[in-house]
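Data block below; observations after.
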Amino acid sequence: MPDSASTQPATTATAPAGEHWPAPAAQRPVRARIPLPGSKSVTNRALVLAALSATPCVVRRPLVSRDSELMVGALRALGVGVAEVPSEDPSVPDLSVTPAALRGPADVNVGNAGTVMRFVPPLAALATGDVRFDGDPRARERPIDELVGALRALGADIDDGGRGALPLTIRGTGAVRGGEVTLDASGSSQFVSALLLSGARFTEGVHIRHEGPPVPSQPHLDMTVEMLRAVGVAVTTGENWWKVEPGPVSASELTVEPDLSNAAPFLAAALVSKGEVTVQGWPVRTTQAGDALRELFTRMGGEVLRSGADDTDLTLRGTGAIHGITADLRDVGELTPTIAAVAALADSPSRLTGIAHLRRHETDRIAALATEINRLGGDVEELPDGLVIRPRPLHGGVFHSYDDHRMATSGAVIGLAVPGVEVENIATTRKTLPDFPGLWSEVLA
Ligand SMILES: O=C(O)C1=C[C@@H](OP(=O)(O)O)[C@@H](O)[C@H](O)C1
Ligand SMILES: C=C(OP(=O)(O)O)C(=O)O
């Protein structure tokens, strides 16, 4: 993995921005069995825990994508050793992480990775020296104010120019006092995960209370707690509170599961084309939000089957029926763009709610989905916290991605059923998938 993510201007484009990718239509039922790259959320948590560990650690089957490269760049900028080492799969090396005393001065480019812009500032507060954070223009608009306030209350010195947003500088002193803190994490669960991941290294640990509208993305919080416990950190939780005891982080080997949220467009391809897609290595038990696809796509008309050794082949079979759905997606917000794309092709209306926080994701996903589906002839209404989607016959046209990987893959799903859809900036899928267009063509071949 090149050491470029922290120092170079942010770019992922393998095609010029604005280039249009003709989304292939499904000429016949899609039939495929695919391995999926590693989970972004697990990879970037594993890298942070490995960097905080008392011992060197190997991260196995990591995702290689823009967001993981940005995380590696951030850790290297803070003095942590990250090296590729051979793995069982020659196409994806493992990552050997050698912890070191965290130090600035450093510049961290967060790109548009929520995990980097939220999980790394607590590490920077533990470092000595100044660490400056900035990213894509959109990263400056994404919320971080509650995390900054909480870190300050826990003893960190942060200069954000009074903006409560990027760019900002953390003036690390080598230690964070920690202790009790109250914040409003309704804007992003990542504020809580960020403090929990580093909390064991704070002098007094950390005891977080949430006050405000509900915190989204419960599975991602469960993932944080589970991964912390797996590396020997004592965590207790209750309703709207989380507590991490001070103590060592002991990570030596962490294995990354396939990215189940990125299974969404591929399983959708089976549903939309009356085909059959099998994802290999679907864990029998997982904290990933993408696991909810089994239930959501069943309700939308698909059939889910498990097979293979240890039941880890997960097959979605399209039955020909595509139903609308009424669903509160607060816990699994990152699945919304794909669910909305399928809903636009369904035989009845859908109502997706609980997702006001998506307005401050990679783009305002509520507005972007309504605009782009309506541009193709759809009838989508924005709610303050969601979408009402009334299916109508769609026509071809440009589907804009707004530099949002999940918007781009949603355009590809609609294109399966609607001839003439062109997705603008498909290269933005590299945020969390190394080669979406390549994998999509393989699946459709
Ligand atoms: O912790 C994580 O890895 C994530 C948490 C969620 O963020 P929000 O709670 O901000 O939605 C999710 O949407 C994001 O894709 C990944
Ligand atoms: C919201 C997402 O990403 P991030 O980690 O940048 O918040 C996402 O992947 O859907």
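Residue positions begin at 1 at the first shown residue.
Glycine residues also receive a Cβ, built from the backbone N, Cα and C atoms like all the rest.
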Let me know which member of Lys40, Lys274 TrEMBL also records as binding phosphoenolpyruvate at the site of Gly114, Arg142, Gln190, Arg365, Arg406, Lys431.
Lys40
Pick from 1-25, 301-325, 376-400: which range has region 'Disordered' per TrEMBL?
1-25
With the Cβ atom as the reference point and anything under 6 Å counting, tell me which of the binding-site residues (Arg142, Ser189, Ser217, Arg365) are near ligand 2.
none
Fewest other Cβ within 10 angstroms of its own Cβ, chosen from the binding-site residues Ser189, Gln190, Ser217:
Ser217
The largest Cα to Cα distance in Å among the residues Lys40, Ser41, Arg45, Ser188, Ser189, Gln190, Ser217, Glu334, His361, listed in the record as binding 3-phosphoshikimate, is 19
Please report the distance from the Cα of Gln190 (phosphoenolpyruvate binding site) to the Cα of Ser217 (3-phosphoshikimate binding site), rounded to the nearest angstrom.
9
Note: in the chain of His361 (3-phosphoshikimate binding site), residues six or more apart in sequence with C-beta under 8 angstroms of its C-beta are Gly114, Arg142, Gly333, Glu334, Asp404
Given the binding-site residues Arg45, Arg365, Arg406, Lys431, return the subset with CB under 6 A from an atom of ligand 1, ordered by sequence, or none if empty.
none
